[in-house]
Amino acid sequence: MIDVLTSYTFLIVAIGTVILAFACGIVGTVSVIKGQSLIGDAIGHATFPGIIFAFMLVGVMETYTLALGAVIFGIFAFFTIQIITDSSKVTLDSALALILSSFFGLGMALKSYVQGHPGFSGTQGIDDYIFGQAAYMLRTDVYLIIIASVISLLLFMLFYSHIKIYVFDPIFSKSVGVNTGLMNFMILSMTIVLIAVGLKAVGAILIVNLLIAPGVIGLLWSNRFPMVLIIAGFSGAVSAFTGTYVSTVYAGFATGPSIILAMSILVLLSMVFGSKGLLHTHRKRNQGVVS
Amino acid sequence: MTRNIIEVSDLSVAYAHNPVIWHINLAVKANSRTAVVGPNGAGKSTLIKSIMNLNKPLSGKVEINGKKPKHALKNIAYVPQKGEVNWDFPTTVLDVVLMGRYVHKGWFKRMNKADVAAAMDALSTMKMEAFKDRQISELSGGQRQRVFLARAICHDADFYIMDEPLQGIDITTEKLIIDTIKALQAKGKSFLVVHHNLDTVEEYFDHVIILNKSVIAQGTIEEAWKKENIDKAYDDRSVTT
Ligand SMILES: Nc1ncnc2c1ncn2[C@@H]1O[C@H](COP(=O)(O)OP(=O)(O)OP(=O)(O)O)[C@@H](O)[C@H]1O
Ligand SMILES: [Mg+2]
């Protein structure tokens with residue numbers, strides 16, 4: 001089992017998932033703080049039919065085409081949510097639930113059709129996009145992940161101060177010259193693109209966990225934004241490595257669930273032991289120093 | 001004291017086609033402490049946001065020091081009305097005050113010792129040094145307000161725009177804020193402050209703008225702060241919607 005660690009294929013795949021989780025952790029923390037975690041969930045599910053449409057159009061499982069299909073459906077879902085909430089009395093959480101389930105339902109229907117249709121071949125691979133199967137990741141899948149993650153991280157670093165002020169105090173940020181529309185657009189595009197490239201590794205159902213759980217962990221340990229981001233990035237990375245390892249060594253374990261399991265253990269530990277976690281607040285309360 | 005720091009001409013603003021303020025003409029004198037008063041929904045915050053270039057007016061023009069607001073932002077420190085910030089954001093008091101430095105430093109430079117010293121100065125002016133490492137969500141309402149004032153001071157602008165800085169705070173903090181405003185005025189700064197308590201207008205300000213959808217009266221306290229003007233603004237019958 002140890003030789004897995006030195007196997008070339010494993011290393012390539014692990015590098016991909018680790019970098020992906022690191023970037024998702026950092027970008028996703030913004031949604032966590034803005035209280036918009038479920039938007040990522042809806043978009044994640046909504047990308048699934050995009051994958052299948054893209055496959056139906058070109059007839060082969062080609063990395064870039066499928067990712068493009070996912071991005072297009074992610075954007076489509078986002079704007080549908082906007083239109084629903086802006087033009088009707090439907091609340092945001094209902095709109096999110098509606099879009100999440102109806103898009104994913106569409107995806108499942110398309111999947112059955114495609115897999116039952118003799119005209120399409122190699123359709124088994126579609127299943128990998130539901131729960132993620134890092135072991136079947138191709139070199140190009142990994143390259144795409146690395147490109148998207150590195151670009152997201154660089155943009156995030158470049159606009160770090162803008163993002164920070166924008167998320168904390170949008171009106172003030174506008175008054176000091178931050179282009180709030182651009183910031184919003186940038187965060188959203190990064191989220192959609194990271195979801196799209198990460199689908200094969202983690203799957204449409206669970207990808208939201210990669211965006212949300214790290215931020216939750218970070219917030220349980222620190223009350224300083226840069227520190228929260230770093231903790232988020234690294235807890236994502238550690239979970240991704242563990243999950244990828246487990247799913248490579250034990251056949252039958254999908255990668256997505258394995259990563260999410262590792263992440264959930266970290267969340268649980270942080271909830272109990274974190275400096276803002278249960279034990280700590282409990283102790284503070286007993287000492288009567290809760291502020 | 002005759003130069004105008006702000007000139008607003010024929011400004012009208014609407015939200016979704018409902019006009020909120022119309023044909024506003026006003027001037028704010030340099031080095032003044034100008035209050036904006038008017039009933040709830042009179043359009044005070046809307047006016048302030050137009051001056052700060054935060055919304056799109058239907059018509060009219062705002063000039064700050066003879067320039068478009070967009071090009072004068074460096075010179076304005078803005079204190080938002082309560083409740084417009086994300087209180088769950090993980091940040092400390094000192095960090096918030098440091099945000100006031102960005103306009104001077106440019107966005108891509110790191111904060112240095114001088115910036116921190118300026119922020120600590122501002123905090124001590126607002127008597128908040130002891131709280132510098134506290135997370136902002138763990139402050140009381142009045143303490144939060146002091147932190148935002150400190151950020152504005154740290155911004156070191158020539159012109160301060162504040163939307164109800166005295167809302168929901170105790171008398172000690174209120175006095176502290178007003179004394180700070182007066183001290184800064186003595187250093188040549190100007191103030192435009194939305195204010196609700198009619199009893200303290202004369203004591204705290206030297207100029208006043210009385211607003212209710214349009215400008216009812218403006219000028220020095222002597223010129224404009226008259227019973228008939230106040231009655232006109234607060235008379236229920238004149239208030240539509
Ligand atoms: N974003 C918005 N969309 C639609 N209408 C708005 C919006 N903001 C304000 N309004 C409306 O515009 C009018 C003026 O609002 P504004 O906030 O400027 O009043 P104000 O004088 O600051 O009141 P207050 O004393 O309560 O702070 C109100 O009738 C309000 O309902
Ligand atoms: Mg207001």
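Cβ from N, Cα, C; glycine included.
What TrEMBL says about a protein is an automatic prediction, not a curated fact.
Bear in mind that the values here come from a model prediction, so they are computed numbers and not experimental data.
Sequence annotations record features per position, and here TrEMBL assigns transmembrane segment to A:6-30, A:42-60, A:66-84, A:142-163, A:175-195, A:201-221, A:228-253, A:259-279.
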TODO: Would you confirm whether the transmembrane segment (A:228-253) and the transmembrane segment (A:42-60) meet the contact rule of 3 or more C-beta pairs below 8 angstroms, pairs 6 or more apart in sequence?
DONE: no
TODO: Please figure out which one of A:42-60, A:66-84, A:142-163, A:201-221, A:259-279 racks up the most CB pairs under 8 Å against the transmembrane segment (A:6-30).
DONE: A:201-221
- [ ] Establish whether the number of Cβ pairs under 8 Å between the transmembrane segment (A:66-84) and the transmembrane segment (A:201-221) reaches at least three, counting only pairs separated by 6 or more residues.
- [x] no
Task: Cβ contacts under 8 Å made by the transmembrane segment (A:42-60) with residues that lie 6+ beyond its boundaries - done: 66, 68-74, 76-78, 81, 96-97, 99-101, 103-104, 106-108, 110-111, 114, 120, 122-123, 126, 129-130, 191-192, 195-196, 199, 204-205, 207-208, 211
